[in-house]
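**Student:** To start, I am sharing the structure in question, which I have written as structure tokens.
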Amino acid sequence: MGSIENPEIMASTMLHILPLAGKVYGITGGASGIGLATAQILSRRGATVCIADVDPKAMASAEVYFSGQSGAKYSITKVDISKRSEVNAWVDGIISQFGRLDGAANVAGVIGKIHGAVPVSEMDDDEWDKIVAVNLTGTMYCMRAQLRNIVDGGSIVNVASIHGLKGFANHAAYDASKHGVIGLTKAAAQENGAREIRVNAVAPGAIYTPLMQKNWDITGRPKDAPFDDPSAFRRQGTAMETGNVIAFLLGPDSTFVSGSVYSVDGAWI
């Protein structure tokens, strides 16, 4: 006797296997590091991922990865998040192509050319303006466009930093920008609660990514130098470990979590 397929059981099974099937997420900085890890996790769970990035080499590598994944639904767009028009066009394009926006991870950020090397008294105006324009104003541009288009019950996760929770000497511009991201997150969470739109942040500590390597290049730190960050876990974290926390906050298991900042730092001391 042939089996009779129950559509409700089949749908339930698919949701268990692919809990984000039918969902559409935007990820800035999504072609490398934490952004790419987040996009990969969401895609594996069935979501459509819409990546924004500015690095052509990283974007090409991401294209190779996602085009090689059976059934992956994705788009990759060149977007400078410090430019309002590019951000708006990117989000409008998501709606036009995929019909909805269920959530977003705002990961894109810069550390500048003097990260960890210059005190406030020596701060360069252009360096300050660039870091704030991308990390803080750019995140606001993204949030604004996303909140105007996101579905009720959607979720936005902003990537702040341990630098948004503490102050570090010779990191003034980066610290200020990441403190600002946390302030934006908490304000937007209050403003959008009536629609049950969740807005949270993650604060990564020592996570090995291309951005961390750039910082080491600036300060002259060898890649094989002994671990020296004040973390109880005596190692750097990974982009995938951070992406898993972001995916949790974007997904269906965090529906009463908003206005929070999740540290991903191996117990920073």
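Yeah, the Cβs are placed from backbone N, Cα and C, and that goes for glycine too.
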**Student:** The NADP(+) site in Swiss-Prot lists Asp80, Arg144, Tyr174, Lys178, Ile207, Thr209. Which one of Ile27, Ile34, Ile269 belongs there according to the record?
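**Tutor:** Record source Swiss-Prot; matching candidate: Ile34.
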**Student:** Using CB atoms and a 10 A radius, I'd like the single residue among the binding-site residues Ile34, Ile207 with the highest neighbour count.
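**Tutor:** Answer returned by the neighbour count: Ile34.
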**Student:** Compute the C-alpha separation of Asp80 (NADP(+) binding site) from Tyr174 (active site, proton donor), stating it in Å without decimals.
**Tutor:** 18
**Student:** Name the residues of the same chain, 6+ apart in sequence, whose Cβ is under 8 Å from the Cβ of Thr209 (NADP(+) binding site)?
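**Tutor:** Correct list: Ser32, Gly33, Ile34, Ala239.
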**Student:** Out of Arg144, Lys178, which of the recorded positions is least crowded by other Cβ atoms within 10 Å?
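**Tutor:** Comparing Cβ neighbours within 10 Å for the recorded positions Arg144, Lys178, Arg144 has the fewest.
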**Student:** How many Å separate the two farthest-apart Cα atoms among the NADP(+)-binding residues Ile34, Asp80, Arg144, Tyr174, Lys178, Ile207, Thr209?
**Tutor:** 28
